[in-house]
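Worksheet: one structure, shown below.
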Amino acid sequence: MVRWSRWFMANSHKDVGTMYLMLGMWSGFGGLNLSWMMRLELSRPGMWLPSSEVYNGIVTLHAIMMIFSFVMPVLIGGFGNWLLPMMLGSIDMSFPRLNTFSFWVLPPALYLVIVSCFIDYGSGTGWTMYPVPLSSTPYSGGISTDLMILGLHLAGISSSAESINYLVTFLNVRSKSFKAEFSPLFVWALAVTSFLLLVSLPVLAGGLTMLIMDRDFNCSFFDPSGGGDPVLFQHLFWFFGHPEVYVLILPGFGLVSHVLVFYTKKLRVFGSVAMMYAMISIGVLGFIVWGHHMYTVGLDVDTRFYFTAVTMLIAVPTGVKVFSWIATIYGSYLSFEAPTLWVLGFIMKFTMGGITGVILSNACLDVALHDTYYVVAHFHYVLSMGAVFTIFAGYIHYFPFFTSKLFSPVLARGHFFLTFVGVNLTFFPQHFLGLGGMPRRIPDYPIFYYYWNQWSTIGCAMVMVSVSLFIHMQWEA
């Protein structure tokens, strides 16, 4: 019991960070299995699952587990807790008990989200939970959607508490002689991420509370029959939802900078101050571009022009970061160890995802491509090959520091190449499916789309094998 009580009563930032990593990895495996179920359904025309409601429930659970229970806990909670105090020269976080609280709120949140999918047909709303029709009572009348909303509320409480802790630690624990500009880039990434979460999460909480009032207390915030407006929910959700995608990738930017500096054997990353201001710019611009998710809801031409222009503007600070990483690599004696491979893969595939993002930022093109597999391919290139690649780069790089053990270099490289080929084979064909007009979140399709869906399923099978190799690699270490 003594060994278990260490974890139940942990206040140390290292113990809490380890628990975040364990929860995140478990959720990542769960989310991957759900994606494999989706790919099996889409591997050939016709239905394999009992109904489309079950398929939509799988889509919803996959998205929420991957975003709120995998990428955020690992990048922000795991690496943040382990590295932030050490990079600032502190013995712990400013509020160790708040740190513990922010972790222990997450397992109940994950429990509510998972349980919701075993009630009725699950919550088939997608992670966006659009009301009228998807999450409205006539169409999602059971308790499953309510449990999903409560689970998201708990995840939001956890992230808010965590963000307060990180910001206070960043501002107060740092030595007064140690200027903020010279803080490591990962520290700055966490500071910007915490700011994004603190500003955007209350808006999501308000939107979800209004939604649950509509569902259970006869209000009509979003119901047109009672004078409400469903587009209001989209504005509230995407004001949170777009900063959220930067929350997922910014800590990864910081990790990539640190891993690159180590393996290029340079003193610092190229243009480190510009990199810092680029992250701040991305954070600020992230709050004023949410409308690009809503081009098809009836925004007027001037509004769509504004959101197109500002969305393209985000490519500037992002380009500063990408070219600074390339300049850091230039002229260095790069050792092709596993973390370096993950970083190089990240730079290539994140750039690819950014290019498709600029294409989708055009309102005239997005009207045609909205809710097709082109959008799925775009954000999976940014997340499945962006955020996840940074997680593996950081994890393999810092694993000896965390555990005093080493991964097998051969297995680590093999894991990278198998994953790299697998995710590309999974998501690259989806660009063609989207350009051909295949809609997302639909479990069946005409025979016309069979060829590229088959390749996509083969790629997903390769990713499943690579994850098995990762588990073996972990076990062997």
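The chain as shown is numbered from 1 upward.
A Cβ is built for glycine as well, from the same backbone N, Cα and C atoms used for every other residue.
Just one of H242, H258 is listed by Swiss-Prot for the same Cu cation site as H292, H293, and that one is H242. Residues E41, G46 are given by Swiss-Prot as Ca(2+) binders; from P443, P446, that same site also lists P443. The stretch in closest packing with the transmembrane segment (236-256), judged by the count of Cβ pairs under 8 Å and taken from 101-121, 185-205, 269-289, 416-436, is 185-205. Distant neighbours of the transmembrane segment (101-121): 16, 19-20, 23, 27, 30, 51, 53-54, 57-58, 60-61, 64-65, 68-69, 73, 77, 142-148, 150-155, 157-159, 161-162, 165; these residues of the same chain sit at least 6 beyond its ends, with a Cβ under 8 Å from one of its Cβ atoms. Note: the Cα of Y246 (O2 binding site) and the Cα of E41 (Ca(2+) binding site) are spaced 31 Å from each other. Other than the site residues E41, G46, P443, same-chain residues with C-beta atoms no more than 8 angstroms from the centre of those residues' C-beta atoms, the Ca(2+) site, are L42, R44, P45, M47, W48, L49, Y55, D444.
Stretch with the largest number of CB pairs closer than 8 A to the transmembrane segment (16-36), among 269-289, 309-329, 340-360, 455-475: 455-475.
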